[in-house]
Amino acid sequence: MLTFLWKFSVFYFFIIWALFNYVNPEDNLDIPTIAKYFNTKGRYEEVNPYLREDILAVNRSILQPPSPQCQEIHLIAIIRHGTRYPTTKNIKDMQQLYNIVMHNASGEASFLREIQTQWAMWYTEDMDGRLVQKGVNELKHLAVRLSKLFPSLVSEENLRGGRVKFITSSKHRCVNSTLSFKAGLTELWAIKDQEFDHEVNDALMRFFDKCARIVQEVDNSPLALVEINNFKKGPEMRRVQEKIAVRLRVSYSLITHDMAEAAFYLCAYEFAIKAVNSPWCQLFDEDDAKVMEYASDLREFWKRGYGYDINSKSSCILFHDVFSRLNKAASENKSGQQVTEAVTVQVGHAETLLPLLTLLGFFKDSEALKSTNYATQTQRSFRTSHMLPYAANLLLVLYDCGAGDLRLQPLLNEKPVTFPLLAGQQVSMPLYEDVKEHYRELLQGCDFENECQLFKHPA
């Protein structure tokens, strides 16, 4: 009896210990609870959490071709640059907020004492959007993962044979991301006797700068900012600013929208760059973070997404480039030739990817994002935190499934997505001819020069 009681006591103690010491994998204290709301400042691992355990993990079973004989013949990878430092403008706002906290805040909270006594402003204006080491690693790791996902395309033989083409924006963070992607492959295969060129092409990767209409009608137009500015002045954002002021014990007038955004960015950048759950994150609860996320999504929606037709049409040049490469690969394959360009790697910006995703019809909600419908947009598809983290990528994979059966699979951030409204086919790998038919009007009529020229008004 005593033995039984002793064993029962040990068992009971173990159960109680386990209950008190259980840690939910989602409750990692090193990860801010608001990390999944960081918009375009978010980590790639928050979109693909399995990478936290193994940064090189892939799952080829997600590809699911319709038959075992399907073979990949061409891959286009349009990739956003990796994690970068804040821009000069963001850094100036961060410095201003830091000065407010150091000279005006009087709260007793432990996070505030930590900022005032242990945290030092280390961001300097000359950092201005440059790629950080985390960004270098992201592109190296992505290169290795793509070589595992598509080993017949992203291969040493194709790289050495000149069948992998690299194109980049001229911005330093994109050029360095391209170099990092190449380094991921050359280090993987220990290639030291050969170098691989890349092409700088801003017409393709920074088309938004080259489109006169988007510059005049969106970037430089106060009308394009109406919904964004109205939300900044609205009750949801005002409540976030009030809560920050209370937590810091500073005058509400000091916490403008720009200061709230600076605090949010400090939390996001500390995590993205240094993997630190910063004390700045304690200025926000989850409800606050959702409001900050929506404010950023509003900006992206109206300045690069569905808000204005020219936003998506500005990507016509990249859209045509994509289908030109796919058509060439399809034609070479049909004639029995080796596909001369097995892989195209194109490195750009969030502003490169979002207009193209919009033109293709991805993540379109039934209602436009507006300053007045925050409450009804909680389940929206248009969420840049999911779509456009650092190193975000759109992959288009062309398959030959035999007997002229060509298929095209789109993946976003290494996960299959379906082409919207494709003749009712909610399949991840539709016939390539069906895809072309679906986008026939764009293929015939989406002309960058015509879409982007400024309208001439009569005298």
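Keep in mind that glycine also has a Cβ here, set from the backbone N, Cα and C atoms.
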Among Cys267, Cys316, cysteine joined to Cys281 by disulfide in TrEMBL: Cys267
Record TrEMBL, residue Cys70, disulfide partner from Cys316, Cys401, Cys446: Cys401
Alpha-carbon spacing, Cys401 (disulfide bond) to Cys267 (disulfide bond), which is rounded to whole Å: 47
Spatial separation of Cys70 (disulfide bond) from Cys267 (disulfide bond) - C-alpha basis, Å: 45
Inter-residue Cα distance where the pair is Cys70 (disulfide bond) and Cys281 (disulfide bond), in Å: 47
Protein Cβ atoms within 10 Å of Cys401 (disulfide bond), excluding its own: 17
Residue among the disulfide-bonded residues Cys70, Cys267, Cys281 whose Cβ has the most other Cβ atoms within 10 Å: Cys267
